[in-house]
Structures are given as C-alpha cells and as structure tokens.
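Visitor: What follows is a structure written as structure tokens; I'll ask about it next.
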Amino acid sequence: MRRAHTVEQVRAAEQPLLDTQPSGALMARAATGLAVAVVEELRRRRGRTYGTRVVVLAGPGNNGGDALHAAARLARRGVAVRAVALGEVLHPEGLAAFLTAGGRVVGLDEAVRFGPDLVLDGIVGIGGSPGLRPDAEAALEALADVPVVAVDLPSGVDVDLGETPRSHVRAALTVTFGTHKVATLVDPAARACGRVRLVDIGLDLPAPAVEALEADDVARLLPVPSATAHKYTRGVVGVRAGSSTYPGAALLCVAGAASGIAGMVRYVGPQSVETQVRTRFPEVVGPGRVQAWAVGSGSDTDAVTMLREALADDVPVVVDADALAHLPRRGSSPRPGLVLTPHAGELAALVGEPRADVEAAPLRHAREVAQHWQAVVLLKGARTLVVHPDGRVRVNTTGTPWLATAGAGDVLTGLVASLLASGLDPFDAASVGAWLHGEAGERAAACGTVVATTIAGHLPGIIRAVTARV
Ligand SMILES: NC(=O)C1=CN([C@@H]2O[C@H](COP(=O)(O)OP(=O)(O)OC[C@H]3O[C@@H](n4cnc5c(N)ncnc54)[C@H](O)[C@@H]3O)[C@@H](O)[C@H]2O)[C@@H](O)CC1
Ligand SMILES: [K+]
C-alpha cells in the first residue's frame with residue numbers, strides 16, 4: 001500500500017524525532033536520500049555524475065535546507081553546483097554546508113549561463129502555500145528547458161488537496177520524504193510531480209489520509225473460491241444496463257461482471273438487448289435474486305426504471321452513467337451499499353458545477369458527493385478516486401491514457417458489481433475494481449491499441465496473475 005499523509009500528520013510525526021535526535025539528523029537523512037536520487041537522475045540523463053551541473057532554487061525554509069545539503073553532497077561527488085536565493089534568508093546550516101563544499105550563490109542570469117543539467121526545486125515544501133512568488137516564477141521561466149527535481153513536492157501545489165490553483169513547479173522527478181503527500185498521489189498535483197520517489201526518514205505515522213492499493217493488497221482482498229464453493233456462495237451479480245439505443249453498453253457491463261469473480265451473472269433489460277447478451281455470453285441468465293446490481297451504463301431513458309427496480313432490492317448497487325441523474329434527492333435518507341461511478345462531467349452535474357471545476361478539484365468534489373449521498377464515490381479519471389463517506393480515500397495508480405476509450409467505464413461498473421456480489425464491501429470493491437481495470441488496460445495497451453472489449457478480455461488473466469501472488 002502506498003500511503004499519503006497530511007502536512008499536520010507529517011509535522012506531528014517529525015516532532016518526536018526532532019525532539020530526541022541530534023539537530024539536523026532528520027534533514028541529513030532527507031538530503032542524503034535526495035542526493036542519491038539526483039545522482040541516479042544525472043546518470044540516467046547524462047550517463048555520469050562527475051562534471052555535470054546542478055542549480056538549486058533555494059527558498060527560505062527547511063525545504064531549501066534539504067536542497068542545499070543535498071547539493072553539498074553532490075559537489076563532493078564532482079557535480080558543479082550553484083544556488084539562486086529565493087527569499088531574504090537561506091537555511092543557515094544548509095548554506096554553510098553548500099559553500100564549504102564549493103557551491104556558489106549566484107544571480108539568475110549567471111545560473112542560466114551556467115547551463116545546468118538539472119534544477120533542484122527547494123523553493124517550498126510542506127510549509128508552502130499554493131502559488132509561486134514572482135521571483136520563483138521568473139527563475140523557473142528562465143530555466144524552463146531544464147528538467148526539475150522537486151524536493152519533497154513541486155513548489156506551489158496545494159499539498160493536502162492535491163490541487164494546482166496557481167502557478168507551480170512541473171517536475172520530472174519528485175523526491176518526497178517520510179511518506180507520500182496527498183499532492184504526490186492525487187491529480188491534478190500528482191501530474192506536476194513526474195515520477196515520484198519516496199525516501200524513508202524513519203517517521204512513525206498514523207492512518208493515512210489517502211492510500212493507493214498495490215498488487216499485494218489486491219491479492220489479499222480479492223475473493224477466491226473456497227474448496228466447498230458453489231456458484232451461489234461465490235455471489236450472483238445482476239446487470240441492468242444498456243438500451244435499444246446503446247445495446248453495446250449492456251454487453252460491456254456484462255463483460256466486466258462476467259470476468260470470473262462472481263459465480264453467476266444475471267441480465268435484466270430490453271428483450272432485444274437480452275438476446276444479444278445471451279448470444280455473446282451463454283453463461284448469463286435472466287431475472288432472479290442477486291447479491292449486487294450494476295445499473296445505468298448506456299441505459300438512456302430506461303435508467304430511471306432500472307435504478308428504481310435495483311434499489312428496491314436490499315443489496316448493494318453500483319450506479320453509473322444515465323442512472324446517476326435519477327439518484328434519490330440529495331439529503332433524503334441515505335441508502336447503504338451505494339457505489340456511484342461518475343466521470344468528471346457526471347459528477348459536475350450532480351453538484352451543479354462546471355466540469356472544469358471538478359477536474360481542478362476532484363478530491364474536494366468527490367468528498368462532497370460521498371457526504372451528500374452517504375455513498376462510496378468512484379470518480380473516474382487518470383487517477384481514479386474512491387472516496388468513502390467516513391473520510392477514507394483511495395487513489396488508483398494503475399492504468400494508461402489508452403483507457404480513455406468509449407465503453408471502458410461500462411466494463412468497470414460490471415466489474416465493481418461482481419466484486420460487491422462476491423462479498424467485498426463497497427470501498428474495497430470500488431478500489432479493487434479500479435485497480436484491476438487499470439491493470440487490464442495496461443496489459444491491453446501492451447498488445448496494441450485499446451478498446452473496451454479488449455480491456456474486459458484481459459481481466460481474467462490479470463485476476464489470475466494477482467491471485468497467484470498469495
Ligand atoms: N523539520 C525537519 O527537520 C525536516 C523538514 N524537512 C523539509 O522541510 C520542509 C518543510 O520546511 P518548512 O516548514 O521550513 O517550510 P518550507 O521550507 O516548505 O517553506 C516555508 C517557508 O516558505 C515561505 N513560503 C510559504 N509559501 C510560500 C510561497 N508560496 N512562495 C514562497 N515562499 C513561501 C514561508 O514564509 C516560510 O519561510 C519539508 O517539505 C521538507 O522538505 C525534511 O528535511 C525532513 C526534516
Ligand atoms: K519543493
């Protein structure tokens with residue numbers, strides 16, 4: 001599991017170490033890890049360390065201190081280092097170490113003429129407020145062609161919300177200390193991080209604000225049939241999706257539901273669509289009891305009836321696409337077991353705001369919807385979010401831009417419903433479903449361009465590979 005903590009949590013975890021360890025010990029760990037990462041980055045880009053050039057953009061706080069200490073270590077390995085001071089003062093011990101190692105503080109013009117191979121962004125870290133000051137903006141603009149390694153975080157992002165409301169650094173690599181921050185996992189800030197590398201500095205941390213499942217977590221959570229299993233104990237998943245206008249959505253939703261997780265799939269929908277479903281999936285049966293419903297993908301005007309009928313059963317329901325518009329009104333008595341699977345546009349319609357506002361602040365908006373409907377919200381995107389009304393958040397880091405293809409969401413809806421039917425709770429079902437779907441998308445993309453059918457086609461192999469890990 002990758003875990004991200006808030007600024008307050010990081011500061012609380014740092015305090016006992018700062019109180020008990022020799023002064024500067026924690027920063028030394030951070031700076032050492034940062035220097036190692038920069039050496040690797042220089043080798044990756046230039047094939048060597050000796051004779052390369054690094055410019056530090058140094059802010060006034062400890063983030064600048066980390067960068068200056070790391071630059072001192074780099075100087076001792078033959079890297080030529082310069083620093084541009086952004087702020088009235090620089091971290092005193094960091095500056096002293098930097099100067100002793102042969103570093104020089106220079107003006108911006110000289111830093112540009114120096115021709116750096118890399119820029120170290122030590123402007124601000126967890127102490128920073130969103131946005132950059134004009135001197136930092138000017139420095140970044142002047143060095144715009146040089147790849148940036150962000151120290152702890154790309155300066156200027158909103159650390160705890162993962163938003164980028166104002167100017168900020170765009171890094172090729174972010175070296176973050178102690179734990180991930182919300183901004184290193186959650187979009188749009190995560191997009192500003194480039195690759196992210198975590199340096200352990202020995203923090204003892206509480207439950208995270210945001211977590212990201214990894215393969216071993218999914219392997220632990222995925223239900224596998226017991227020796228005495230039969231089709232009903234494995235769970236029956238029902239699909240009420242598609243319409244005569246969009247029969248393909250039903251096929252794709254059923255394809256996600258029929259990936260082999262649940263013991264049986266039922267389809268309920270228009271006769272003409274049902275015939276197509278049964279022809280394509282002979283194992284699918286008709287109406288009857290289910291342990292979870294997938295509702296709404298491509299349902300068009302049938303969505304309202306499909307949702308009403310699904311909600312009448314006392315089982316978890318995944319509400320997608322056209323059905324989202326027919327959710328019981330905000331504030332009415334919450335119904336347990338709901339998983340909502342909107343994309344940004346559909347979530348924007350739920351909260352009555354422009355899509356761009358949701359895309360700029362996805363975590364905030366997903367939390368709002370989870371709260372209002374007391375439902376697990378799976379907000380689809382490059383970094384899909386899964387938000388529980390109790391405040392827990394997971395972000396999905398599998399997937400590829402090739403997943404942005406028509407029908408991919410229909411497959412996901414069926415898959416999440418099958419995980420619910422097999423016994424996972426809504427939070428786990430949504431986050432495991434997103435992970436598997438992303439992995440299947442990556443595997444599909446490795447074989448060629450991706451359409452929704454090929455994503456569904458790769459699910460059984462991914463599920464097999466994951467379950468083989470335990
Ligand atoms: N406390 C410690 O010993 C450790 C701290 N660490 C580093 O310390 C950082 C946090 O250091 P600080 O608490 O000193 O805070 P920062 O260095 O992140 O920034 C605080 C300083 O920046 C100014 N500032 C705030 N927003 C700004 C903006 N938008 N533009 C320009 N200046 C701005 C503030 O006035 C303040 O002087 C972490 O991100 C990490 O890099 C690590 O070295 C681990 C150990
Ligand atoms: K930074």
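Glycine is treated like the rest: Cβ placed from N, Cα and C.
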Visitor: If TrEMBL gives ASN63, SER155 as binding K(+), which of ASP19, ASP117, ASP121 does it give for that site as well?
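Guide: Candidate listed by TrEMBL for the same site: ASP121.
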Visitor: Need one residue: from GLY391, GLY407, GLY409, the one TrEMBL lists with LYS380, GLY381, ALA382, ARG383, THR384 for AMP.
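Guide: Of the residues offered, the record points to GLY409.
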Visitor: How big is the gap, in Å, between the Cα of HIS343 ((6S)-NADPHX binding site) and that of ARG383 (AMP binding site), rounded to a whole number?
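Guide: Cα-Cα distance, HIS343 ((6S)-NADPHX binding site) to ARG383 (AMP binding site): 11 Å.
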Visitor: For the domain 'YjeF N-terminal' (10-209), report the average pLDDT of the model, please.
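Guide: Summing pLDDT over the domain 'YjeF N-terminal' (10-209) and dividing by its length gives 97.
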Visitor: Counting only residues 6+ away in sequence within the same chain, which have a CB under 8 Å from the CB of LYS380 (AMP binding site)?
Guide: THR341, PRO342, HIS343, ALA344, GLY409, LEU412
Visitor: Fewest neighbouring Cβ atoms within 10 Å: which of the binding-site residues ASN62, ASN63, SER129, SER155?
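Guide: Per-residue Cβ counts within 10 Å for the binding-site residues ASN62, ASN63, SER129, SER155 bottom out at SER129.
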Visitor: Quick one: of SER155, ALA382, THR384, which binding-site residues lie within 10 angstroms of SER129 ((6S)-NADPHX binding site), measuring between C-alpha atoms? Sequence order, please.
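Guide: Hits: SER155.
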Visitor: What whole-number Å value do you get for the CA-CA distance of ILE126 ((6S)-NADPHX binding site) and ASN63 (K(+) binding site)?
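Guide: About 8 Å separates the two Cα atoms.
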